[in-house]
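Here's what TrEMBL has on this protein:
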ACT_SITE  H67  active site
ACT_SITE  N140  active site
BINDING   Y352  heme binding site
DOMAIN    20-405  domain 'Catalase core'
REGION    1-23  region 'Disordered'
Amino acid sequence: MQASSTQKLPTNKDNTPYLTTNQGTRVYNNDHSLTVGTRGPILMEDFHLIEKLQQFDREKAPERIVHARGMTAKGYFEVTHDISHLTSAAFLNGVGTKTETAVRFSLVTHGRDSPEGLRDVRGFATKFYTSEGNWDLVGNNIPVFFIRDGFKFPDLVHALRPNPANNIQEAWRFLDFLSYHPESAHMMTWLAGMEGIAADYRHMEGYGVNTFTLINHEGKDTYVKFHWRPRAGTKFMTDDEAQSTGEFQMRHSHATHDLFNAIADGDFPEYDFYIQTLDPADELSLEFDPLDCTKVWPEEDFPLQPVGVMRLDRNIDNFHNESEQIAFSPAITVGGIGLSNDKVLQSRALSYADTQRYRIGTNYQMLPINAPKCPFHNSHENGAMNFMEKTGEVNYWPSTLDDVQTSPDSKEAQAVSSARIEGQRVKQDIPEEKQNDFKQAGDRYRKMSPRESGQLIFTLSNWMADPKCTSEIRHRWLDIWEQVDGGLATALKAALVGQKPLQAIKEGRIGGHPEKMGASKA
C-alpha cells in the first residue's frame with residue numbers, strides 16, 4: 001500500500017451549513033422519527049433513524065485488556081547528546097534532531113472509566129514518528145515487572161483484575177498468585193510503597209522496563225535500558241490523599257485534568273531521556289541476568305547517559321481518535337533499535353499488535369494517530385475498514401511493472417544485529433544462580449526513609465489482612481519477606497497481629513526501617 005497525498009479523509013470541518021447523514025444527504029428533520037401519523041409506529045424506511053441508532057450502538061471500541069484508562073498528549077523529542085556510536089537510528093543521531101511524538105499515559109489494571117488515584121502501575125508509552133518509520137517505546141512508571149516470562153502474563157493479569165465471581169478486586173487473589181513467584185518481591189516494594197500512587201502524569205518517571213538492543217552502523221549490539229525523567233520532578237500520593245483528590249468535585253480524572261490544563265495553559269511537561277548500556281560480552285559476569293525484567297541495572301554500575309528531551313506542547317483534538325485508538329507495540333522498531341531475548345519483551349512483541357487488531361481492526365495502523373509520517377509502500381491490501389487509496393494493477397512484489405525496490409543491502413541502510421543465537425529447546429526458568437530474587441528488593445528496602453518503609457509496611461499488611469487471604473498465603477509471603485529483609489518480615493508480623501497501630505506505621509512514627517527494627521543488613 002502507498003500513501004496518497006490526494007486522499008480525502010472524512011471530516012466534520014467541511015464548510016456546509018447543513019446537517020447531513022454519513023453519506024452526505026441533507027437532514028431536514030433531526031427531532032422526530034418517521035411514523036405513520038403522529039402516534040403511529042416507526043417506519044423501517046427511516047434510514048436516518050436506523051443509521052443514527054446503529055452508529056450509536058457501535059461507537060465504542062472494545063477497551064484495552066490492560067492500560068484501559070489513559071490520556072494522550074503530543075509533542076516532540078530533541079536530541080541533546082548524539083549516540084551515533086551506539087545506534088544507526090537516524091532520529092538519535094545528531095544534536096538538535098527533532099522528532100514528533102505522541103505519548104499515552106495510563107493505569108494498568110482497571111477499566112477505562114476507573115479513578116486515576118488508584119494504587120496501580122502507570123503506563124508511559126511513546127510513539128516516535130521518525131523519518132525512518134515509527135518507533136514505539138512502551139513502558140511503565142516503575143522500572144521492574146512482576147514476572148520474567150511472558151508465558152505467565154495472562155495469569156498475572158487475571159489475578160490483578162477483579163474477581164470473576166463478584167467483579168471486585170481483592171488483594172488475596174494477586175497475593176496468592178504472586179506468592180508462587182518470589183521474583184515479584186522487588187516489584188511489590190515499588191507498588192506497595194510511596195511510588196504506588198503517582199500524583200499525576202506530569203510528575204511521573206517512565207521506564208522501558210525490558211532490555212532492548214542498540215545496533216550501530218557496524219552491526220555491533222549494545223544492551224540498553226531506557227529512562228524518562230520529568231524535569232518538574234516526581235510526586236506521589238498517599239492512599240488518603242488519593243481518596244480526597246478523587247472525591248474533590250467527583251474529579252476521578254484528576255491526572256487527565258492536570259495534564260490537559262497544563263498544556264492548554266502553556267505549562268508544557270518536559271522529560272529528559274536517558275539510557276543505560278551494557279556490552280553483551282559482559283552479561284555473564286553479573287550477579288543477575290540483565291535480561292530479567294524483575295531487576296534494575298544499578299546506576300552506580302551502569303550510569304545514566306543523557307540522550308535528549310521530550311516536550312509535550314499539544315493536546316489531542318479528539319479523545320476517541322487519538323487516545324482510545326492510538327496503538328503501541330514493542331515490536332514496532334526502526335533500524336538501529338532491536339529487541340533482546342528478554343522473555344517478557346519477546347511475548348509483548350506478539351501480544352500487543354494482536355490485541356490492537358482485535359480491538360480496533362486489521363488496518364489499525366492506517367488510522368492517522370498510528371500511521372507513519374514518512375513515506376511508506378508495501379503490497380498489503382484489503383481487510384475490514386481499509387481506506388487506503390490505491391492505484392495500479394500490481395499488488396505483489398517483485399514486478400517488472402513497478403520499480404519500487406528494497407532498501408540497499410548495506411549496514412548503513414539498516415543495521416542488523418550480528419549476534420549469534422544457538423542452544424537447545426527448553427521450557428525452563430533462567431539459571432538458579434542468576435535468579436537472585438531478593439537482593440535488590442532488600443537493598444531497596446534498606447535505603448528507605450522511615451516514612452517510606454512505613455508506607456510499604458502499611459500497604460503490605462493491609463493486603464495480607466484481607467479476610468480471604470489464607471494463613472498459607474500469608475506464611476508464603478512472610479517467608480519471602482524474611483529472605484528480602486528480616487526486619488521487614490518482623491514489622492509485617494507485628495502489624496498483622498495488631499501490635500503496632502497501622503496509622504503510626506503509615507506515618508513512619510513506627511516502622512520497619514532497619515535503624516528502628518535492628519534488621520540484618522546482610
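Any Cβ shown, glycine's included, is placed from N, Cα and C.
Distribution of TrEMBL features across the structure.
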{"residue": "H67", "record": "active site", "CB count, 10 Å": "21"}
{"residue": "N140", "record": "active site", "CB count, 10 Å": "22"}
{"residue": "Y352", "record": "heme binding site", "CB count, 10 Å": "18"}
Problem set entry | Local backbone state of N140 (active site), from DSSP in three classes | strand
Problem set entry | Rounded Cα-Cα span from N140 (active site) to H67 (active site), Å | 10
For this session: Report, in whole Å, the straight Cα-to-Cα distance of the residue listed as 'heme binding site' from N140 (active site).
Result: 15
